[in-house]
Amino acid sequence: MATLGGPPRDEPAPADEHEDGRLAPVEPGAGILPAATPPPRLDPFALPAATTARFLLMIVVAVTSSIHLYVALFSWFVDATNSVNAAPYGCALTTQATAGRIPDRDLVTAYIGCVQGVTARNGFVLIGMVLVLVAVAVAIYLVHPRLVMLSRPRPLAQLAVDEGMAAVVRRVEEAVRAVAPKAEVYVATLRATASGRTFGRFPRYRIILDLGLLREADTDPGRLDAVLAHELAHLRNRDVGLTTFAFAIWWAYVLVVALPTLVVTVIEPIRFANLSWRLAIMLALLWLARTSVLRTREYYADLRSGSTPESERLLLSALHPRRPDAGKRRWGLLSYHPGDDERVSVLGGAPRLFRIGVAEPAAAGMLVGLGYSPCVYLVTMIWGADSTSFNAHRLVVGLVFGALATGAVAGTAWRAGLLARATHTRPPSTLLAALALTAGVLGGQLVAPPLTTSGSWASILGANPAVAIALAILLAVLFQLMLRWALLCATVWLPLARRVRSAALIGSIQSALIFGSWLSFWFGVIELMTDGAPTWNLLWVSLFSTTLNPTLQLCVLLACAFPLAGWAARRGLPPRPPSDIWRDAPPSRLAAPRVPLPAVNITALTIVLVYAAGTIPFYGRLYAALGRVPFSGTVTPAVMIGVFTPVFVAGLAVAVLGAFCFGLISGGRGNTSSAVAGAGLLMLLAVFGIVPLAFTHLSAAACGAEGMWSCLALLPGHLGLSRSGPIFTIGFAVLILAGTAAAWAGSALRSGTQALSTGPTGSLSPWGSEPQDDVTRRPVSALLALVPTTLAAALFGYLAIAAVAGAQGERVAVDRAAVIRELNAAPKGPLLPVQACVAAGSVTAELALSDAFGSGMVIGMARGAGYAMATRDPIAQAMGREGAAALLAGDLARAVDANNALRNICMVSGVVSAR
Amino acid sequence: MPESGSPELDAGSTRRTPPTIEEAARLILLEIAPADVRFLPLACADFFGNAVARRRAVRATLRGRERDQPTGFDAGEGMQLVLGVVLTLLNGVACEVLTGMATERVGRVRSRWQDRRRQRALTSATAPEGEHTRLPRLSAIEAAAIGRQAGEIVRQAGLPEEDAQRVNTLLAAALTGQGS
């Protein structure tokens with residue numbers, strides 16, 4: 001057990017253990033506190049608690065995860081009642097009747113419209129079922145106070161008839177009136193404990209006190225005061241409403257989701273056997289998540305009620321076990337309250353509420369893994385699949401879950417950041433939390449029943465375990481980056497904020513945006529991978545396509561800009577006032593991390609200059625390579641990659657070398673985080689030099705010194721500005737990965753040499769070692785530091801708008817020869833419809849990396865269309881013809897529609913013929 | 001109606017009329033928790049006037065702890081008020097639920113099943129006249145068996161061994177008309 005401790009010092013030091021298990025920094029020299037002086041304790045209310053977000057996440061997941069079971073129940077109902085019109089195969093029957101009598105394009109449009117209409121109707125039915133769940137939960141929430149009052153506790157005033165109790169009653173009434181004038185107090189005469197309970201709903205809250213507690217008040221008034229203060233603290237902390245609703249949603253889930261599922265499982269055990277164990281795990285998870293949050297809320301209630309030395313003493317006395325075996329809980333995970341020892345230790349200053357735990361991220365991850373996919377599934381049913389690169393429906397759901405998960409997880413990172421800043425210790429490792437979060441999400445995906453359109457990691461694991469593991473590692477890396485970034489932001493912004501609480505709230509909003517977008521794009525990759533055969537090729541294409549998404553780019557830029565803005569603000573603003581962060585010490589100033597901004601600017605400039613001059617000697621070779629490139633007409637993605645690769649490899653080499661040197665200079669023991677963050681900024685600056693220089697080098701090498709400017713003007717036109725954006729993005733993505741890794745390596749090398757020269761414990765220099773007051777105000781420098789990020793945001797914003805605007809009816813460069821070759825390569829004989837279905841369903845089988853930049857899947861769609869035309873089925877023929885015509889016309893959206901229609905009708909055709 | 005705490009004598013007998021539930025409860029409480037006696041009328045009214053409250057009190061007695069309640073204080077303090085325990089026992093005796101069970105406990109498996117049955121019986125039984133219901137008069141052997149059973153329930157409720165012994169003795173005495 002550790003302790004918060006230590007007022008701010010100029011020099012950081014490793015932490016040491018107190019006798020009572022609390023940790024306090026060991027201060028060298030004059031800063032050592034006397035042994036008898038307890039270290040000051042951080043105020044847990046200085047930052048927002050993460051529990052509200054955990055509560056809300058649990059409630060949202062209870063609602064959304066019900067969709068899994070409702071889909072199965074609805075499907076069973078449709079089958080049982082033979083409701084043909086409710087299912088998409090009604091559309092197949094209609095299309096069968098009109099095939100050959102209307103144009104192919106109209107047939108595809110009519111079929112897709114019909115399927116979307118049916119799907120939307122089904123979606124509304126599901127929403128109705130979910131609303132029933134919510135309505136039952138609300139009803140339970142409303143009726144809950146009545147349920148508690150069924151035991152008819154007596155109003156407190158009735159006890160005043162006893163003369164001895166009149167004073168006690170007055171004492172209680174006064175205490176309650178001071179905090180919650182409208183709260184009503186009752187007495188439970190038969191409860192054997194000396195405790196209390198708060199319940200009710202706004203605005204009528206009630207407190208029930210046990211008679212044993214009031215009886216003791218004559219001899220031991222302290223316990224009554226402590227319990228009453230604890231109950232009133234629950235009211236002040238606004239625990240009652242959320243607690244009751246969490247209780248209500250669980251019971252509603254049992255009544256409206258679990259019970260019907262169990263009934264249907266009894267009727268059709270084979271069909272629903274697979275759902276039973278998942279349902280059991282979901283119920284258990286929701287229960288455990290609720291008890292976990294409630295236990296944390298108890299700590300906050302204790303801390304709120306023990307806010308003064310006297311009230312703390314009374315609370316500690318009340319928590320002291322009266323019997324040797326009291327206070328120990330057999331089922332800690334199922335209990336609503338933590339053990340008394342844990343409560344005492346948190347009250348005494350143990351930093352439990354300031355640590356990045358493992359269980360909380362795992363639970364939050366599992367809830368996200370369970371709840372995200374069905375939510376996207378339902379939104380897609382209502383809105384239809386979004387064909388723009390924004391993937392708005394996924395993004396919106398991602399932002400909702402991102403906000404809740406961030407509140408639950410990144411909030412703890414901010415608290416850990418505050419602990420590190422306040423006690424001058426190193427920020428904690430986030431690796432275990434990131435792994436727990438990842439394991440939670442993947443576990444949630446394993447437990448959740450797979451849905452047809454939203455994809456599942458479990459399906460990928462079954463089809464290609466190696467790819468699934470790669471995706472899991474990617475997720476873990478994203479989470480680790482997110483948590484480290486949150487910690488970095490906390491350590492940068494907390495020392496700057498007038499109110500640390502506001503800084504944490506703003507930081508949480510930023511985290512929600514970034515985490516939500518990352519989450520939605522990871523699930524987007526999962527969806528893409530589940531849609532086709534999950535091969536390595538498809539993985540790379542999906543990842544590159546995702547990297548090129550402008551929304552993601554903007555979110556990454558936001559992530560870069562936020563800590564950078566903090567660095568800039570620190571240089572531009574006067575020293576901030578002390579922060580009120582201690583429970584029992586005056587406000588103090590938090591130490592800010594070291595700002596390697598000058599080193600960043602100098603290194604970026606050096607990289608650009610070296611790249612500008614260093615590539616000139618290789619123009620001869622470049623010209624030899626570029627001589628064969630046709631710089632006219634359509635430039636295919638493959639050609640583009642071939643042209644840009646040599647110049648970018650050179651830029652990459654220079655940038656990596658520069659970042660390594662940067663890490664070597666500004667890194668070292670305790671400075672690795674700032675060095676890595678600085679390297680990220682460095683790469684953002686460098687990419688704005690390297691990409692234009694790459695264009696310049698290409699023009700100069702291809703057209704010579706005289707024709708360079710005219711070629712340079714033509715080059716973006718050949719490539720198209722909408723495809724130049726991806727070049728910046730890929731350049732930045734590659735550079736940031738390689739650059740930060742190089743900076744980390746440089747810093748690690750310096751750390752190693754420091755360790756060799758000073759020994760493993762000597763000369764520790766954490767990055768909070770420099771007090772912030774010595775920073776000279778440089779407002780202009782601060783503003784200049786933000787210029788590249790602002791420029792990048794403007795560029796990517798423009799590209800994002802262009803991408804959305806161009807997504808509707810976009811004509812893409814299609815290799816007509818390749819399309820015709822694929823159409824002709826289809827077998828001539830009459831094929832079985834199933835062969836066309838297989839061909840249409842495997843459009844992603846031969847994807848190449850270049851497809852991420854251009855039309856993508858064209859070859860596969862052409863093959864599917866060719867096979868469909870070779871069948872005798874009139875619907876398949878019509879859809880194949882429509883697909884081929886769209887591809888030859890370069891209308892990718894139409895071709896995708898035709899392919900989707902073919903695949904969809906393939907799925908339902910078996911049902912049609914069976915009926 | 002005799003005065004509280006002084007059951008009347010049977011005519012022509014040295015044995016007294018068995019006490020009512022309230023009288024017996026008062027006797028027991030005076031021995032093991034005198035401070036609770038003043039709340040006995042309130043507790044009796046709630047125990048016999050409200051089925052939900054009674055059920056919860058019986059369950060807490062048999063479980064040995066109160067239910068963990070969210071937004072409660074719950075410091076694991078154990079049983080502090082014995083009113084519910086005493087009324088549960090006496091109600092069980094008055095309804096002859098405890099009487100029937102005192103002789104049934106054989107073997108672990110059967111005993112667990114019987115525990116559940118006993119819990120159900122104790123939660124559903126109510127003395128017909130509430131706290132004014134008289135306890136049955138029993139033979140010394142039967143009373144001793146019930147006393148042991150009651151002592152076991154008191155132990156199970158988490159009260160000290162000393163209290164369990166006292167309840168055992170007092171209840172057995174009351175049931176045989178020996179109580180003071």
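Just so it is clear, glycine is given a Cβ too, placed from its N, Cα and C backbone atoms.
The annotation compositional bias 'Basic and acidic residues' is assigned in TrEMBL to A:8-22. Annotation source TrEMBL lists domain 'Peptidase M48' at A:192-347. Residues or ranges marked as region 'Disordered' in TrEMBL: A:1-30. For A:55-78, A:124-144, A:240-263, A:275-294, A:362-383, A:395-418, A:468-496, A:538-567, A:599-619, A:672-691, A:727-746, A:780-801 (among others), the entry in TrEMBL reads transmembrane segment.
Nonlocal intrachain contacts for the transmembrane segment (A:362-383), taken as residues 6+ away from its ends with a CB within less than 8 angstroms of a stretch CB, comprise 54, 57-58, 60-61, 64-65, 67-68, 71, 119-120, 122-124, 126-127, 130, 282, 285, 288-289, 292, 392-394, 396-398, 400-401, 404-405, 408-409, 436-448, 451, 453-457, 519, 523, 527. Listed by sequence, the residues of this chain that lie at least six past the ends of the transmembrane segment (A:240-263) yet keep a Cβ under 8 A from its Cβ atoms are 52, 55-56, 58-59, 62-63, 66, 69-70, 72-73, 132-134, 136-141, 144, 198-202, 205, 234, 272, 275-276, 279, 283, 286-287, 290, 293-294, 297.
Long-range contacts of the transmembrane segment (A:395-418) within the same chain: residues 42, 44, 46-50, 52-54, 56-57, 60, 353-357, 360-361, 364-365, 367-368, 371-372, 375-376, 379, 427-428, 430, 433, 437, 482-483, 486-487, 489-491, 494, 500, 504, 507-509, 511-521, 523, 551, 581, 590, each at least 6 residues beyond the stretch ends and with a Cβ under 8 Å from a Cβ of the stretch. Among residues of the same chain six or more beyond the transmembrane segment (A:55-78), those with a C-beta under 8 A of the stretch's C-beta atoms are 86-87, 122, 125-126, 129-130, 133-134, 242-243, 245-246, 249-250, 252-253, 256-258, 260-261, 264, 268, 271-272, 275, 278-279, 282, 286, 289-290, 293, 364, 367-368, 370-372, 374-375, 377-378, 400-401, 404-405, 407-408, 448-449, 451. The average per-residue pLDDT of the prediction over the domain 'Peptidase M48' (A:192-347) is 86, rounded to a whole number.
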